[in-house]
Amino acid sequence: MSAAVHIKTILATLTWVPVIYTFTEHVYQPYFITGRSMTPAFNPGTSTMTNDITMVQKFGLKSPDSLHRGDVILFRSPLSPEKILTKRVIAVGGDTVACTHKYPKPTARVPRNHLWVEGDNEFHSIDSNNFGPISQGLVVGKVVNVIWPPSRMGADFSGGGRNALVE
Amino acid sequence: MQKVRFVATTLSWTLRAGCVAHFLHEYVYEFTETRGESMLPTLQAQHDYVHALKGYRYGRNLDIGDCIVATKPSEPTQRVCKRITGMPGDIVLVDPSSSSPLTNTPNEVILHDGFNKYIKVPDGHVWVTGDNLCHSLDSRSYSSLPMALIKGKIVAANSMDKGFIDAAGRLRFWNFRWITNTFEND
């Protein structure tokens, strides 16, 4: 094969890069979970010390009824826009939550199209008790599955998070 | 067989070209319509299109006085176009007009306490208002805006209902004009 053929193959491969980017941005994306705010649902550190890689859904997250209590979401931190955080949805728009001691008020009402998010691990988590309810516009994805390590593949992460609703 | 191959190739190239366009749209430049009275007189209520640079997304390198396009915090499917009037750490008077005796009853003037209500803009947030303060839903109602919701900076605008020549006889395509930072420190 001549050099020209090689260059042509390389260029043809490169044209697929934007397609892959668009897929990961709007359909599904694997995501590496770091930190211990979501232990033991993610990164339990029991059978293996490696961090979990999860599959994250990117589509259909803008409408008010697309997210529910118990969902684990990825969102841009309201306090530093370049940081992406992983937390659990504790309450949705219209709910009233009992806050932890970090929040200036004992209870908070979550506004329309906003979410109250918390890490499962209260003491290692910077969450809505620090920065208040977040706009749903900040949400970038919803965790649907653990895909790595193999021993944790398909692990159940639905349990966890406190019941903070106030009637 | 050849026909199937031709269709497949065409579709494949369309997909790739579309994704390149989407990438540029998301990260480099966007030309889009804006509507509403909130940015008068900078932008018309109708027929106006803006040029937005997406390198300023998430509030990167933005400053007070810049015009931005952002996701509306209370309605994530909508976008708003506002001007930054407060940076993180700034202390802002929320809304003195809420205690204006012209539009409020004497009771409300005291109740709202508009001349004494200040807020310190938190880290990672900006304070945004429309240029037309009387007809704008902005930080005065939804409070400071997280920078992560900012999509880009508006640098220029066109009015599509105007011709190629402006009132002074100069060549201006659809009333092309730069949108500049109007902030003056005094």
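Each Cβ is built from the backbone N, Cα and C atoms, and glycine gets one as well.
The domain 'Peptidase S26' feature in TrEMBL is assigned to B:11-155.
Taking all protein chains in view, 23 other C-beta atoms sit within 10 angstroms of the C-beta of B:S38 (active site). Annotation source TrEMBL lists active site at B:S38 (among others).
Per TrEMBL, active site is recorded for B:K82 (among others). The Cβ of B:K82 (active site) lies under 8 Å from the Cβ of B:S38, B:M39, B:C67, B:I68, B:A70, B:V128, B:T129, B:G130, B:S136, B:D138, B:S139, B:L145, each on the same chain and at least six residues away in sequence.
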